[in-house]
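*Asks:* One structure coming up, written as C-alpha cells, with questions to follow.
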C-alpha cells in the first residue's frame, strides 16, 4: 500500500505526459519547413544543436543534462516568437562499435555460443592509482575510446552485453556491427521522445556509409577541404606492432582494445660534470636523464630527480649525438618516434643500474634551483614512463612523501651514499594555488591524511585523487610570466616554451599495454596518415576571428577555446579500421569520428527532404532525389551561395528547395555540449565552418554553451558503484517533467552540476500541488473576489508578477536556467503564497488567473507536459507550444519594498511576542505561564534619531566617495568616535553600522537613505487586520515614535518599528452553546471595554477552531441575567427568554464591580455573567 502511495503523483504526471506527447505527435507541433516559415520571419529563427551521442548503449543522465540546455533554450525562444529548429542525429562512426562486435565474434570462436568462459580470475585491477592515471588527459590527442569507457566491470564483451539485460539469442546478433546500428538508435529516439524533446524527428539520421546521403555529404566536405589545402599527408602518432611492421588497430589486438597513444612532455635533465664513474667513459658527450611528465606546468617546482636503485637503465645515442638515459622499454618507443638515427633501432652505449647514478648533479629546466640531484625512490614502476621521474614536492604527494623519507632517515641516505647537502636544503616551491589546498597542495593533503611515508600507497592514491583534478580545473599559476592564469589554459603554452627552448620533447607511449595478435607488445610510432592541418597560420587566424564574435556565455569557456587555438596542430582524420565514410581519394582510409562531425549541422537543414524519415536513408526520398545524384557540384550549389547550377537530372526547383532550407536556418544559433569537448570537437567545429564558408562569416557558429559534468547526489556518476541513471530510468523514477525540473535546478556554470534525487522528489510534489491548486481555482471561479483590484496586496502582487516576468526573461536570455527556475517558479509561487496569506479580503479573480497563466508560460520550457495540461484546464484552444511570452506590466518597486517591509515587521513582531511569553532567565517565577498579551502598540519613526542620522550621513558620504563601497570598520569607528554628538551613544553606534552594512548587501544603496520611500504607518494600517490575525491579538494600534517615551524615541528608526505589548484587563463571562449534538462547547471568555459582537466572536473562534465563518455565529443575552442561566434548557426552546445582541451594541466593563453592561440605541442593559452563542 505504502509503495503505491509513493508513486501516485509520479504516475499522475506520467499519464499526462503520455497524452500530451501523443497530441504533439498527431499535430506535428515540432516539424518545421523553411518554405512555410519565410512568410512569418518577423521575429527571426532559432537553430540549436547538440553533439549527436554515440550509439553503443542507452543514453544516460549526463547526456540528458547537456541536451536539456538546448531543450530549455528552444522552449524559451518559441515563446519569444522565433521559428525554432532542434534536430537530433545519432553517431555511429569510429572504432568502438566495430571493436565490440569483433570482440564478440572472437569470444564465440574461442569459447563457443553461448560461450563457456574459463574460470580464471580476472586480472586484479591495480589499487594504487599512479599519478598519471588521474591527470586530465588531453582529449584531442590521447582520446580513450568510448568502448573502454563504457566497458563496465566485465572482462568479456559477452558479459557486458549480458549486463544490459540482453538474452543469449539477442547477444549473438551483436557480433555484426550493423546490428548495433539497428538496435540502439531507435531506443535513443524512444527515450528522448519520452522526455518530451522539441525535436523535428524527420531530420534525424545515423552516420557512416550505412546512410548513403550522409556518406555523400561527408565525402563532399572532405573533397572541399582537400581542394582548399586543409588536409595533408604525413607522419602521425599511432599504436604500432614492430613484429607485424604495421599499425595495430583494435581488431588486430589480443589485449588493449580502445587504447590510444598518451602524450607526455619528455624533460631533458642535463647531467653535470664530474660525471658518475659509470658514465665517465662518455666524457665530452651531452648526457641527459629523460623524465616523462603529464604536468609540464609544475616544472617550476623541481627539487630533485628520482630513479629506482634496483632498476635497469640504458644510455642510448639520439639522432643528434646526445645520450639519453631511461629504461629499455621507453627507448624502444622513442626509436619509432624519430629519436634515433634508424627507425626502430636503439643504439645502446651503456647499461647501468639506478644505484650507479644516485647523487649525480643535474641542471633542470624552469626550476629555481641551479643544481638538483638524483635521489632514490623505491616505488617507481617499469611499465609506465621512462623510469626517470622528476620531483615536484609542492604538487605531487608521491614526491613530498619520498623527499620527507630521505630528510627524516639519515640511515636511508647513508645506505645509498646520499650526502646531506643533496637533500636537506631543498624545500617545496609554490607553483600553483588550489582553492582549499593553498599553494603547496601536496604538503597540505599529506598532512591532512597523515601520510607517513612513500609506502602509504592507498592514502597517496586518495591524496592524488583529491588534488589533481581540482588542480587542473581550478588551479591558478603563481610563477612569473603566468601569474593569475588557470592551469588548464597554460599547460600547453608551458610545454611549447620548453620544447622551443630545446629543454623538452614530445614523447608518446600507449595509455595501457597493447598486445597484438602475434603476441608482440605494441609501441607508439610515427606513421604516414592523412591529417587536418589545424596549426596552419591563416586557418588559425580566421578561426580566432570566428571565436571573437562567438557568444560563449562564460569567460572560462572563451579562455579554454583561446588556449586550444594556441596549441592545436595537426589532427589525424583517417583510420584503417572501424565504421564511417571512406576518404573519397584514398578508399583504404576511413574518416574518423571527430572529423565527420564538424559541419553535419548543415546536413540537418536538408536531411528531411532527402531521406524520407528513415534513419538509414534507405526509404523513398520526399523529393525523389537518389544518393548517387548528390555529386560534389550538387552539394556546392545547395550550400555555397555563389556556386553555379550543376549538370544534373535533378529539377532546379528541388535543389532550390534544399538551398532555401539551408539559407533560412544557417548559421547555428546555439550549440550546447560538455566542457570537455571544447579542446577537441567544439574547436574543430569552428575550424571547419571557417574552412567551408571562408567568405561567408554569416554562416559561422553564433554561440556555444559549455556546461560542467553532472554529479548524481553530489557524487560522480559511475556504473560500478551503482550511482548511475539512464535517461529511461530517470523518467520511470521521476516522470519527464520531474526529471526536467531537477535538471534545470542542477546548475548553470562550467563547474560541475548536481542532480539531486531528493530535489526531483520535492519537484514532483510541487508540480502535483500546483496543478491541484489550479483545478481548485478553476472550480471556485465564482467565489473569488471581483471588482477593482486595488487593495495594497492586489497592487503588490501585480507588481511582483511583472517583476518576476522581467527577471525570468533575463535569466532565460542568458541561459541561466537554475536562476530562471528560481525567479520563474520558486519565487513566483512564494509571491502567490504570500498574497493568499495577506489578502484577508480574499484573492482577486483577475489576478489569480493572470498569475496561473503567467506561471504556466514561465514554467513551460522546463515542464512542457504539465503546462500544456494546465493550458487546457484554462480553456485555451491552441497548444501552449504556440503561445507567446507574457507581457510584463509596470513594476512599482516602492510597493514591492513596502510589502517586504510588512513581512519583516510581521516576522519581527512574532519573534518579539515569543520572547515576551518566555519568562526571563535566572528569575524565579511562579509556575503559572505568562498570560498572552491582547493589545499591541507599534511605534514608527518618521526620521532617524539624531545619533543615527549623523551615523548614516557619514556612511553615505564614504559610500559615494568610494565607488559604492564602505571602508573598514576601523576607519568608520575612528571618524564617528571623534564626533562629540555621538560620544553618549558609542555603544550603540558600531552595532548600528554593522546592521546597515549587512542590509546594504541584501537591499542595496536605498538602505542609506535618511527617509523611507513609502509611508510606513499607512502600510501597517492597510494591513492591520492581517497583522492582528497573524499575531492572534485583539487590537493593534500604530503611532509615531514622537508620541512615545524617550527610550523608544532614541532607538526607533525608519524601517525598524518598535512595539509594546500589553494585556487589556477585562471581566470573565461564560459563553454557552445550547444547540444539541453540534460539537460546540461552553467556554469562559474575557470581555473588555469597548468590545462588540465582532471582537467577541473572533475571540471565541480562536478558542473554538470548529467555527470557520464569522457570519454564521449569533450572540444572545438572557432577558433575566440573574435567573436565566440557572434554568434547565428545554429542547426546541433555545431562543425562549433570550434577546439577540445587535452587531452595533457596545460592551462596557466596570472593573471594580466586575460587571458588564451593554449599550444599544442609547439603552444600557446588565448582561450578568453568561452569554449564549448559536452557530448556524
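Backbone N, Cα and C define each Cβ position, glycine as well.
The L-leucine binding site annotation in Swiss-Prot covers 52, 54, 594, 597. According to Swiss-Prot, the ATP binding site annotation covers 719. The feature phosphoserine is assigned by Swiss-Prot to 167, 720. For 970, 1047, the entry in Swiss-Prot reads N6-acetyllysine. The annotation region 'Editing domain' is assigned in Swiss-Prot to 260-509. The motif ''KMSKS' region' feature in Swiss-Prot is assigned to 716-720.
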*Asks:* Could you put numbers on the helix, strand and coil content of the motif ''KMSKS' region' (716-720), residue by residue per DSSP?
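*Replies:* Per-class counts: 0 helix, 2 strand, 3 coil.
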*Asks:* Long-range neighbours only, meaning 6 or more apart in sequence with Cβ under 8 Å: which ones does residue 167 (phosphoserine) have?
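*Replies:* Non-local contacts for residue 167 (phosphoserine): none found.
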*Asks:* Rounded to an integer, what is the Cα-Cα distance in Å between residue 597 (L-leucine binding site) and residue 970 (N6-acetyllysine)?
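*Replies:* On Cα coordinates alone, these residues lie 61 Å apart.
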*Asks:* For residue 52 (L-leucine binding site) and residue 720 (phosphoserine), determine the Cα separation and express it in whole Å.
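*Replies:* Given the Cα positions, residue 52 (L-leucine binding site) is 25 Å from residue 720 (phosphoserine).
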*Asks:* Taking the centroid of the Cβ atoms of 52, 54, 594, 597 as the L-leucine site, which other residues of that chain lie with their Cβ within 8 Å of it, listed in sequence order?
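*Replies:* In sequence order, the nearby non-listed residues are 51, 91, 93, 94, 207, 593, 596, 681.
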*Asks:* Would you say which of the recorded positions 719, 970, 1047 has the most Cβ atoms within 10 Å of its own Cβ?
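*Replies:* For the recorded positions 719, 970, 1047, the Cβ with the most other Cβ atoms within 10 Å is 719.
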*Asks:* Cα-Cα separation of residue 970 (N6-acetyllysine) and residue 1047 (N6-acetyllysine), in Å?
*Replies:* 28
*Asks:* Give, as a single whole number between 0 and 100, the mean pLDDT over the motif ''KMSKS' region' (716-720).
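*Replies:* Mean per-residue confidence for the motif ''KMSKS' region' (716-720): 81 out of 100.
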*Asks:* Let me know the largest Cα to Cα distance in Å among the L-leucine-binding residues 52, 54, 594, 597, as an integer.
*Replies:* 12
*Asks:* Round to the nearest Å and give the CA-to-CA distance linking the residue listed as 'ATP binding site' with residue 54 (L-leucine binding site).
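*Replies:* Distance between the two Cα atoms comes out at 17 Å.
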*Asks:* Of all the recorded positions given, namely 54, 594, 720, which is spatially nearest to residue 1047 (N6-acetyllysine) at the Cα level?
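*Replies:* Result for residue 1047 (N6-acetyllysine): the nearest of the recorded positions is 720.
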*Asks:* Sorry to bug you, but what's the C-alpha spacing from residue 594 (L-leucine binding site) to residue 720 (phosphoserine), rounded to the closest Å?
*Replies:* 28
